[in-house]
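Remarks on the structure that follows.
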Amino acid sequence: MEYPAPATVQAADGGAAGPYSSSELLEGQEPDGVRFDRERARRLWEAVSGAQPVGREEVEHMIQKNQCLFTNTQCKVCCALLISESQKLAHYQSKKHANKVKRYLAIHGMETLKGETKKLDSDQKSSRSKDKNQCCPICNMTFSSPVVAQSHYLGKTHAKNLKLKQQSTKVEALHQNREMIDPDKFCSLCHATFNDPVMAQQHYVGKKHRKQETKLKLMARYGRLADPAVTDFPAGKGYPCKTCKIVLNSIEQYQAHVSGFKHKNQSPKTVASSLGQIPMQRQPIQKDSTTLED
């Protein structure tokens, strides 16, 4: 006499999740393990399907969504430095990159893609040590034993990729510094950043920037440049006098202040005229006289 085989539930990754009683299936409830496999497989597929974007917009979207793995200057999955816009687009749209992303996801799962960071206690630290003997995230390699892992970490390939990763950090910092210098991306006077040249142009002809320019010229006229840079102060926050450690609310107040006796007393090294003449060195005071010697 033949008996029917126990029912099985197929997991989303194609493998059988194991036998379960027919009552569980009839109730329409999946065991927790199967639900987890289905959810994980769905999320994994969504990430993998977007591993090979097409066009600039999709590439930028992928970088923004997965900044822990991809940047404008480095692909951390492939350990590749991207020194130009064309190289960046070509790399992220390549089949080779997509295959490495799939392999990376198979090893590390979804946590790295989401940028999740976990606080490690002593147990987790020991787990990390075990993971190190199983795979190398820098070189995207897996090992069959701790001996093979140790051999890899002492080899030339790992040393080369590690050096490449360290250099990429410097390239990113240099890229950020260049953006700070580029007037189409950053206004050092107002501490404002821009996404495109059109936005930058609108800022430079705007009221806020012109006000800051007026402030800068005024302070230069009254000898303020002898103090630390005016740009140290937040944009639009009054008219600061670092010498006296006060902030004036208007141009008129600032003019009156720098022309006054109190401000000049606080500036023993220079005397600036209200007409904006070049600051002159004050001679030593003798017999309570404030007369300057020629």
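From the backbone N, Cα and C atoms, a Cβ is placed for every residue, glycine too.
Annotated features, as they stand in Swiss-Prot:
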type	residues	note
BINDING	C75, C78, H91, H97	Zn(2+) 1 binding site
CROSSLNK	K114	SUMO2 cross-link
CROSSLNK	K170	SUMO2 cross-link
MOD_RES	M1	N-acetylmethionine
ZN_FING	70-104	zinc finger
ZN_FING	131-165	zinc finger
ZN_FING	182-216	zinc finger
ZN_FING	236-270	zinc finger
Candidate with sparsest Cβ neighbourhood (10 Å radius) among H91, H97, the listed binding-site residues: H91
Spatial neighbours, same chain, of C75 (Zn(2+) 1 binding site) - Cβ under 8 Å, 6+ residues apart: L69, L82, H91, Y92, H97
Cβ-centroid neighbourhood (8 Å) of the Zn(2+) 1 site, C75, C78, H91, H97 excluded: F70, V77, A80, L82, Y92, S94, K96, K100
Chain residues outside the zinc finger (131-165) and at least six past its termini with a C-beta under 8 angstroms from it: 76-79, 81, 100, 103-104, 107-108
Secondary structure content of the zinc finger (70-104), with strand meaning DSSP E or B: 18 helix, 5 strand, 12 coil
The zinc finger (182-216) - residue tally per DSSP class, helix then strand then coil: 18 helix, 4 strand, 13 coil
DSSP-assigned states of the zinc finger (131-165) in counts, ordered helix, strand, coil: 20 helix, 4 strand, 11 coil
List of residues, in chain order, with Cβ under 8 A from that of C78 (Zn(2+) 1 binding site) and at least 6 apart: H91, K96, H97, K100, N140
Rounded mean pLDDT for the residues that make up the zinc finger (131-165): 84
